[in-house]
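Novice: Would you mind keeping the following structure in view while I ask a few things?
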């Protein structure tokens with residue numbers, strides 16, 4: 001699981017509001033249950049609902065803080081559905097009682113049920129759902145946010161595999177590129193990316209045309225040990241022949257899962273690099 005960070009909760013208004021309300025509602029139901037249990041007979045079943053819901057709330061805090069809601073969304077929806085049944089039955093057992101402590105506990109469970117319904121609608125929907133996209137747009141850090149919005153405007157070559165200063169950029173033959181080749185080793189930038197003339201002079205220089213020395217050519221990986229599934233559709237940048245397009249739900253073979261760009265191969269044999277935040281490992 002990814003590292004837990006409180007900024008994922010504090011930077012997400014939806015998560016911060018719903019988690020805060022759920023904790024408050026649970027405290028009301030818990031304290032009301034304790035008082036009611038001291039004053040009069042109290043249904044033991046309600047304690048199970050109290051214990052179950054604190055576990056569910058804790059799980060949602062962990063998943064939200066680690067930004068893995070896409071990975072565990074189905075499991076969360078299942079647990080929340082069971083929790084909705086438990087809280088509803090607890091309300092039915094308490095709300096009609098004359099004791100104010102039981103009614104207070106019932107009010108806490110009613111508020112919990114309302115939050116659970118909202119959570120089910122959120123976690124049970126796909127990331128492409130309009131309401132979820134709207135909610136996620138307010139979050140500062142969110143898994144699966146559009147890569148196009150986070151792509152650097154100046155130069156993004158530094159994060160791609162095989163394009164650092166210390167090693168030659170990744171090369172492809174004409175047969176591998178299927179007619180998408182360009183005359184520049186760095187696609188879209190004749191003579192290299194902007195500012196390349198100011199880089200370390202010890203870096204390898206590449207010709208802008210003609211024959212390229214085969215010793216500088218980086219061979220494509222022969223093994224693709226990982227399987228990944230596309231959670232979004234992606235259209236390759238037409239100015240970069242190294243990228244590949246794929247559709248949502250398509251399964252790809254991946255050779256390396258380090259970095260923001262993964263070397264991938266489609267079912268039709270097409271190879272190239274794909275943004276990692278558009279894929280999920282199987």
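The backbone N, Cα and C atoms fix where each Cβ goes, and this holds for glycine too.
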Novice: Validate this pair against Swiss-Prot: residue 4 and residue 70, same side of the membrane or not.
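Specialist: According to Swiss-Prot, which assigns topological domains, residue 4 and residue 70 fall on the same side of the membrane.
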Novice: Would you kindly check 15-35, 75-95, 104-124 and say which stretch has the most C-beta pairs under 8 angstroms to the transmembrane segment (45-65)?
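Specialist: Top-ranked stretch among 15-35, 75-95, 104-124: 75-95.
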Novice: Let me spell it out: take the transmembrane segment (104-124), skip the flanking residues so only those 6+ beyond its ends count, and list any with a Cβ under 8 Å from a Cβ in it.
Specialist: 14, 18, 21-22, 24-33, 35-36, 46, 49, 53, 60, 69, 73, 76-77, 80-81, 83-84, 87-88, 90-91, 94-95, 97, 131-132, 135
Novice: When the topological domain 'Extracellular' (96-103) is classified with DSSP, how many of its residues are helical, how many are strand and how many are coil?
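Specialist: Breakdown, helix to coil: 4 helix, 0 strand, 4 coil.
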